[in-house]
Each structure stands twice: as C-alpha cells, then as structure tokens.
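Lifted from Swiss-Prot, the feature list:
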BINDING   13, 14, 35, 85, 322  NAD(+) binding site
BINDING   157, 158, 159, 188, 217, 218, 240  D-glyceraldehyde 3-phosphate binding site
ACT_SITE  158  active site, nucleophile
SITE      185  site 'Activates thiol group during catalysis'
C-alpha cells in the first residue's frame, strides 16, 4: 500500500511539527502546505530553526513553489506551497493531497472544514477540538472511525490525548466514579507576551511569561465523548504557566474498586508496554518537564509523583509534550484511517 498523501493547512506550531513528525515516521507523504501569511523562504526558515525542538536534522530548501524536505534514510517530501486565505480555493486535488490536516485553529467545525473537500481533499483531520466533528484519540477510540461517513474528523486536543489513554486504563481496571482534572499547561501562541486585551476572558490577556493563569479547558469533558462510559463523570481546568512546551495532567478520581498505588502502577505499565505502546508511556524516574521535550507519546505516567489518599481516592500524574506528542498522533490517525480507505 502506498503512503497516504497529506496536505497541511496552516504552517504554525502544529502544522510545522506535523511535517516534522511525518518526516521522522516516514509513514505519510506530505505533498502540499497552505499558509497565506508565510512566504516560501520564510517557511524554510521556520521549519529549519525551532527554539523548542531544535534545528531540523535534515535538509530543507525551496525550488519554485515547492518545499523540499529530506532527512538521511527517509523519503524526500516535495511539497507544493499555496498561499490562499480561502480553504475552498486550495487545489488539494491537483497536488494529490487526499488527507488534509486543518491546523489553522480557524476552520474547526464540519461546515468550515468542508471547504477543503471542495478543493479535492477526501478527508479532513482537524488538529483541535471540534464542536461537531467526531473526535478520535489514537489508542482510545480510533477504531470507531467509520470510513463511509466520517469525512471531517477531529484529533481532539493535546490534553484530551494525554488524559484519555490514562482514564481508559484506570476505568477499564478499577472504574471511575467521578474525577477532576487539572492540566499545568505550557504557554501557547494565543497568549500575550505582556498584559493586553483578551475579549471576555480577561485573565487570558495577562502576560504569559510572568503569571500562573487559571484558564478553562474542555479537555476533561471531551474524554466523555471518546469514552462514553465516562460521559458526565469528568471535568477540569488549566493553569497556564511560563514554560515554552511540555504540560502535565493531574487526574484526581474516585474509584469503584479499591486499588493500591502498586496496583495502579502495574496496570498502567502493562498497558504502556502492550496495547497502548507508543501512545502511553510509564516512568519511575525523577523527571521534570524538560525531560519530555520532543517526546512522541501522548501521555507519560509519572509513577513517582502519583499519590493516593485511600484505596478509592487517587491523584495520578501524566506528562505530555503538548506540541510534538500531539503532532505525532495526527500522523498516526491519518495512517490508521488510510488503512480503511
């Protein structure tokens, strides 16, 4: 089977890292990129140099309106570059892009993302939560994808991708009665470098580098969409903190069946080494956030930081590279749905 051909709309943090993940994994072929705000020579620069994940360990250049991205031992990606503001005008079909990653953060509903299908794409994967597109989390519910009907899908959020695999393992083994999640989350591009206006969410407009900022997140409630048994049982919030990348989920839950911390560690480790290998990881090391920069897992369970009050009330800690781990799952989701074509 030939590799799925992919287009990327929006060459921001996630768009560029999806391309990096695609080059590393060598499982999909990126054939087109669209961004109306970035010239092709600037794309080369932004892709080559990354303050968080380091310099791209390969070659990147441009020839006419094509980006040429290569890495030793991997396939070269010859990528047609478009600069269209209207997604309906992007010629995905003529570039051969069957699967489009919608990573602008703008076209996140079925109606808006549908414009990509007009340009010749067959499937659209939104790299953000969606109000109405079905959400799939690799390792949790990706097998519920329906090729005949699911043309526009969401890869959910980075936080849902961290929380859902852990919640699945705990719920499958011990049952979750209810739970609260907090994510201590790295800054993202929507935040302000210094205090500024921010619509109705006044706290979100405060300086990202100087504050711990309480913020809302739908990530915990979204777990109920990907694990229906947990619908209505989880909610959560976020603290935005002044770090550039890597976040951590704290899941505090009441369990149906009593469990010791060792019981929990055992089932999480078994899942990380078995059915959720590559998605969920397990560590007993004395780690901190920078230890997970560029980690490709969705969720890394921190056995040493997790605690229990009693056998039915637990606090579980799991790390995630909110940029790169998530981008790897976008590529994995495309690889999976392509097998159903």
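Any Cβ shown, glycine's included, is placed from N, Cα and C.
Projection of Swiss-Prot feature records onto the structure.
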| residue | record | Cβ neighbours (10 Å) |
| --- | --- | --- |
| 13 | NAD(+) binding site | 23 |
| 14 | NAD(+) binding site | 28 |
| 35 | NAD(+) binding site | 24 |
| 85 | NAD(+) binding site | 10 |
| 158 | D-glyceraldehyde 3-phosphate binding site | 28 |
| 159 | D-glyceraldehyde 3-phosphate binding site | 26 |
| 188 | D-glyceraldehyde 3-phosphate binding site | 17 |
| 217 | D-glyceraldehyde 3-phosphate binding site | 22 |
| 218 | D-glyceraldehyde 3-phosphate binding site | 16 |
| 240 | D-glyceraldehyde 3-phosphate binding site | 24 |
From 13, 14, 35 (binding-site residues), the ones whose CA sits within 10 A of residue 188 (D-glyceraldehyde 3-phosphate binding site) are 13
In whole Å, the longest Cα-Cα distance within the recorded D-glyceraldehyde 3-phosphate binders 157, 158, 159, 188, 217, 218, 240 is 16
Same-chain neighbours of the D-glyceraldehyde 3-phosphate site, Cβ within 8 Å of the mean position of the Cβ atoms of 157, 158, 159, 188, 217, 218, 240 and not counting those residues, run in sequence order as 183, 185, 219, 238, 247, 322
Residue 157 (D-glyceraldehyde 3-phosphate binding site) to residue 85 (NAD(+) binding site), Cα to Cα, whole Å, comes out at 24
Residue 158 (D-glyceraldehyde 3-phosphate binding site), DSSP three-state class -> helix
Residue 13 (NAD(+) binding site) falls, by DSSP collapsed to helix, strand or coil, into helix
With residue 322 (NAD(+) binding site) as reference and a Cα-Cα limit of 10 Å, the qualifying binding-site residues from 159, 217, 218 are 159
Among the recorded positions listed as 13, 14, 35, 85, 185, the Cα nearest the Cα of residue 240 (D-glyceraldehyde 3-phosphate binding site) belongs to 185
Ordered by sequence, the long-range same-chain Cβ contacts of residue 185 (site 'Activates thiol group during catalysis') under 8 Å (at least 6 apart) are 159, 215, 217, 238, 239, 240, 241, 247, 322
One should report the C-alpha separation between residue 218 (D-glyceraldehyde 3-phosphate binding site) and residue 13 (NAD(+) binding site), rounded to whole angstrom, as 21
